[in-house]
Amino acid sequence: MLEPSPKDPAPAEDAESEPRPGRVRKPIGWSTIIIAVLVAVSAGLVWRRDGTDGVLDILTHDLSLFSGILPRVLAGCLLGAFISEILPHEKVSRSLGPKSGLMGLLIGTAFGAILPGGPFTAYPVASALLAVGADFGATIAMVVSWTLIGYGRAVAWEIPIMGTDFTLWRIVISLPLPVLAGALGRFVYIRLYPKPLAKDDES
Amino acid sequence: MSAALLIDILLWGSVLGVGLIAFRRGPPVFKASLREGSMDFINIVPRIALGVIGSGYIAAIIPQEVITGWLGPDSGWPGVATAVIAGAATPGGPVVGFSIGTVALKSGGGVPQVVAYVVAWALFAFQRVILWEIPFMPARFVWFRCAVSVPFPFVAAAIAMVIGKP
């Protein structure tokens, strides 16, 4: 692993010398436990229904799936880390922060729509944006835009399975949704957490 | 196959692009973010492993036919509501979700209902949320985003009803 070097991680950027705001890294949270229980119960049911062979069949299939996904997860994590490192924090919080208005939601939407890859990129990158100063609204717009109008899943899965007509039509219907979802998110967030935890920049 | 390859090329191309920008900011920045990304990866792999390897079992006990049954030719808003629940409950990856949508369309499911199903599935299919979104993002954000997303399959269905079929 990394040697105990004296230089702390990543101070190099502008004036931002305080420790980076949390990329959340919870070791084993309750959600992991819920998933583990869900998986264990499901595996038990499969075992009762199909016996050991059934359990092993699924295991080998999913293991090969997993090994295929692994490099992409690494790419997603690196993408998230680089992006959170190279984006200047004040600029992000100005253009994607709580006060960024409609423009911030539109930028989030555009960003989600052009982001390459699958969930293994969208979520690390969204998490990086949150960490460098985007607010919930803009990040919601980005995630919703990625899932509804991003081209990745549409090209790889939806067009082959559902057909081009349906897919394009569905995307047209979905166009306003990321901005609306982001706006709703912002609207609710301000009322849920009236005093934001963030230090007020540019006073 | 080729679509997957294209996605991989775009993905690693983007990594290289932002990596290059980081590198030009100076090797310390580059090294720090490389380390940060690798640590994220190491931290996340066990949770992704649990989800991906376990999701086959979850999918196996929720047969597709059950979900497809919820998407019958039921018209109107009750049908939309059922479709939204079906979308959230659909296990498995995109192949399963879109196949169910196609089957529903072919077997007489209403177009607004199928749109609501596909949009709900894209927004908050439980398996993607617990498998991908929660490991990578703050849980508080994930729940908030899902809650805020609930109205939008209905909005999509309403738009579909207004503008008509594809």
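Keep in mind that glycine also has a Cβ here, set from the backbone N, Cα and C atoms.
A TrEMBL annotation is a machine prediction, not a hand-curated record.
Owing to the predicted nature of the structure, the values given are computational and were not obtained by experimental measurement.
Annotated in TrEMBL:
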- A:1-24: region 'Disordered' (REGION)
- A:28-47: transmembrane segment (TRANSMEM)
- A:59-83: transmembrane segment (TRANSMEM)
- A:103-122: transmembrane segment (TRANSMEM)
- A:129-149: transmembrane segment (TRANSMEM)
- A:169-189: transmembrane segment (TRANSMEM)
Tertiary contacts of the transmembrane segment (A:169-189) (same chain, 6+ residues out, Cβ under 8 Å): 98, 102, 104-106, 108-109, 112, 135-138, 140-142, 144-145, 148-149, 154, 158, 162
Residue numbers, six or more beyond the limits of the transmembrane segment (A:103-122), whose CB comes under 8 Å of its CB atoms: 69, 72-73, 75-76, 79-80, 95-97, 129, 134-135, 137-147, 149-153, 178-179, 182-183, 186
Residues from the same chain, set at least six apart from the ends of the transmembrane segment (A:28-47), whose C-beta lies under 8 A from its own: 54-55, 58
